[in-house]
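> As annotated in Swiss-Prot:
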type     : residues : note
REGION   : 1-138    : region 'Disordered'
COMPBIAS : 47-81    : compositional bias 'Acidic residues'
COMPBIAS : 97-108   : compositional bias 'Acidic residues'
COMPBIAS : 112-125  : compositional bias 'Basic and acidic residues'
COMPBIAS : 128-138  : compositional bias 'Acidic residues'
REGION   : 303-353  : region 'Disordered'
COMPBIAS : 314-331  : compositional bias 'Pro residues'
COMPBIAS : 332-342  : compositional bias 'Basic and acidic residues'
REPEAT   : 422-461  : repeat 'WD 1'
REPEAT   : 465-505  : repeat 'WD 2'
REPEAT   : 607-645  : repeat 'WD 3'
REPEAT   : 648-693  : repeat 'WD 4'
REPEAT   : 697-738  : repeat 'WD 5'
REPEAT   : 754-784  : repeat 'WD 6'
Amino acid sequence: MVNASKVSKKRKAVTRDVEEEAGVFSGDELNAENLDGALSDNANELSSDEDDSEVELVDEFSDEDDEDEEELDSDEIPSDGEEPKKKSASTAVDGPQADDESSSEDEQPNFRIEKDANGEDRYIYDEINPDDNSDYSDVDENANTIGNIPLKFYDEYPHIGYDINGKKIMRPAKGEALDALLDSIEIPKGWTGLTDPSTGKPLELSQDELELLRKVQMNEIPEEGYDPYEPLMEWFSNKQEIMPLSAAPEPKRRFVPSKHEAKRVMKIVKAIKEGRILPYKPPTEEDEDKDVINYDLWADEAERPDHPMHVPAPKLPPPGYEESYHPPPEYLPDKKERKAWEETDPEDREQEFLPNDFGSLRKVPGYENFVKEKFERCLDLYLAPRVRRSKLNIDPESLLPKLPSPEELKPFPTTCATVFRGHKGRVRTVSVDPSGVWLATGGDDGTLRVWELLTGRQLWTVKLSDEDAVNVVRWRPGKDAVVLAAGVGDDIFLAVPPIVDPELEKASLELIDAGWGYAASRPPPTAAEENKKNTPPQWIRPSAALADSGVCAVIPLRYVVKTLSWHRRGDYFVTVCPGSSTPASVAISIHTLSKHLTQFPFRKRIKGGGPPQTAHFHPSKPILFVANQRTIRAYDLSRQLLVKIVQPGARWISSFDIHPTSSTAAGGDNIIVGSYDRRLLWHDLELSQRPYKTLRYHRKAIRSVKFHPGGRYPLFADASDDGSLQIFHGSVTGDMLSNASIVPLKVLKGHKITGELGVLDVDWHPREAWCVSAGADGTCRLWM
């Protein structure tokens with residue numbers, strides 16, 4: 001009886017099924033923790049009148065019983081006579097509830113007795129079938145019961161692990177080729193095509209897992225009922241609170257220094273003073289053992305000098321475009337070239353490979369001739385003879401042409417002799433008359449002024465406009481008459497300044513008045529012709545005030561005139577209106593002084609290079625040079641043909657000038673071009689359409705360039721926005737084997753930069769090596 005009671009305390013078999021309240025558990029599953037939790041949860045439901053079974057349940061689990069339970073393991077075998085005792089004990093625990101149920105199946109034990117390897121009894125318990133009130137869940141047949149063990153450990157065995165009873169879990173059968181084909185045709189529900197690494201079986205997903213994957217794939221929220229756009233509750237900003245969130249007073253530790261920290265700091269300070277705490281030093285290597293002697297085999301090794309006859313190997317040439325893995329299309333051979341290369345003998349081929357396009361570097365295969373090329377390279381290095389070639393030590397200065405000294409090229413202007421002041425605002429244009437006595441200027445104040453060149457005294461002035469500036473002023477060439485042409489706004493004014501002797505003044509007025517009779521003989525234009533934009537304008541007489549001042553005729557062009565240039569005979573002059581809104585048919589106009597006639601030679605815009613900028617007549621041929629923004633075109637007026645196109649290569653041409661001795665015995669056609677991109681270009685038209693020389697000496701745009709007229713002095717000058725003028729010596733010869741000689745002579749500085757503008761125009765004295773400049777600072781200067 002004693003043994004049986006002891007066994008009943010250790011292991012109890014459930015003798016009935018608990019339907020509603022699981023108050024009794026088997027001895028293997030019930031422990032102190034389960035008991036405390038069960039009693040605490042059902043404390044309110046228990047009545048004060050507890051039955052005997054509950055008292056017996058508490059008595060069975062005493063301290064002594066716990067000690068005995070620790071001594072007996074689930075795999076230990078009880079002695080004979082314990083089983084009846086255990087059955088009676090379990091019956092006593094059930095109490096009167098067991099008497100109410102008469103089912104014989106409930107009285108069966110939940111274990112069976114088998115013999116182990118030693119011939120002793122072993123208890124094998126049945127699998128627990130939990131109900132709704134149990135902590136256990138249903139056993140999943142597909143669950144991994146072998147633990148967290150990689151299946152690769154069992155690759156050499158027919159099983160994949162062991163279950164809780166120590167039996168082998170055999171490897172699941174794999175589908176053959178026919179099963180795989182059927183699965184691919186009829187995909188089973190939950191099929192993924194993957195294998196579960198924990199069980200070795202096909203991985204199947206539940207409907208919830210599939211729905212979760214679908215939501216993740218569709219970028220939806222996986223969690224049900226989650227609202228990512230809930231209204232923001234600004235707890236601390238939406239309502240103004242009067243009382244503070246915490247009215248606790250500030251602790252003293254926040255504003256009183258800590259005494260504890262002060263003590264620790266003083267200890268550290270004292271240790272530093274006593275030398276017990278030293279500053280940090282980087283760790284050094286441990287001192288080597290002096291007894292160990294290390295020998296350096298290469299201590300006395302000296303570099304071996306090269307052999308006296310040593311010649312370094314020549315370097316391989318760098319690879320070209322044809323050796324690239326992605327060469328340009330023009331390097332790729334076509335079918336005809338590839339066939340010809342393949343049919344050619346390998347020794348006669350120009351190159352040992354054909355270029356190929358692989359698209360990317362990772363697609364480039366191995367080079368089949370790599371070993372062969374390296375072998376031939378080695379053969380060349382030790383079989384081919386080498387020769388030393390001495391390098392030519394050439395002084396770079398010796399390659400430059402020897403230019404004459406500027407002292408040998410005098411005279412040329414070097415100093416400022418006279419300053420002309422009187423204009424309000426910028427002085428845009430300047431011109432010296434053919435006699436070299438008077439100087440005409442025009443500026444932003446709309447006045448045209450004539451000065452005495454040597455003294456700087458103003459002789460004559462006229463107000464041509466209150467709003468527009470005088471953009472260009474030019475004297476008529478020739479000494480038989482004195483006529484001054486000025487472009488102001490969209491009008492051209494022809495004036496005879498009353499500064500000459502009466503006979504010359506009378507001849508000048510008669511020259512202009514002769515055209516009025518010729519103009520009167522022409523039929524007047526109709527109303528339809530007047531409405532056309534390309535209708536030539538009619539010359540008109542000036543107002544009485546302007547006529548009294550010396551203005552004789554006005555030409556209304558309807559567009560702003562920027563440049564004006566006379567023909568060498570003095571009967572024609574050409575004007576250019578470079579505005580972007582100016583029609584192409586009226587941008588360039590040629591005027592005849594003796595007939596008071598204006599003509600538009602171009603009906604269409606010049607192709608390429610933008611709108612026209614300036615134009616000049618050839619000094620000895622019936623050729624008109626017209627420059628737009630990028631090119632200069634030469635037109636033969638007699639044959640009405642395009643003769644030549646000059647390409648300076650500049651971005652925006654500002655001005656150009658023709659050499660006065662062009663097409664004579666002294667030389668061919670030569671022109672100089674100034675551009676807004678700070679370049680001065682010399683063109684020899686018989687040599688090339690491209691520039692012969694390009695000079696870049698200015699820091700800002702070049703506004704004007706000019707040759708010395710007459711060809712007496714081989715000089716030319718340019719004016720720039722950097723406030724300086726540069727004088728050059730440019731000589732041309734009749735020898736076709738020699739080129740023009742260009743020598744920089746002098747940089748003239750005197751104008752002030754105003755509004756990012758410097759020197760706007762420059763002109764030469766007809767007989768002397770003097771030049772006159774007009775600046776944005778409102779002054780003109782004579783340089784001698």
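Note that Cβ sites are derived from N, Cα and C of the backbone, with glycine treated the same way.
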> Go through the chain and flag residues at least 6 beyond the ends of the compositional bias 'Pro residues' (314-331) whose CB is under 8 A from any CB in it; none is fine as an answer.
351, 353, 355-361, 363-364, 377, 386
> Determine how many residues of the compositional bias 'Basic and acidic residues' (332-342) DSSP places in helix, in strand and in coil.
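The compositional bias 'Basic and acidic residues' (332-342) comes out at 8 helix, 0 strand, 3 coil.
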> On average, what pLDDT score does this prediction assign to the repeat 'WD 5' (697-738)?
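That region's mean pLDDT is 89.
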> For the repeat 'WD 2' (465-505), how many residues does DSSP put in helix, in strand and in coil?
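Across the repeat 'WD 2' (465-505), DSSP assigns the residues as follows: 4 helix, 16 strand, 21 coil.
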> Using DSSP, how many residues in the compositional bias 'Basic and acidic residues' (112-125) fall into helix, strand and coil?
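Output for the compositional bias 'Basic and acidic residues' (112-125) reads 0 helix, 9 strand, 5 coil.
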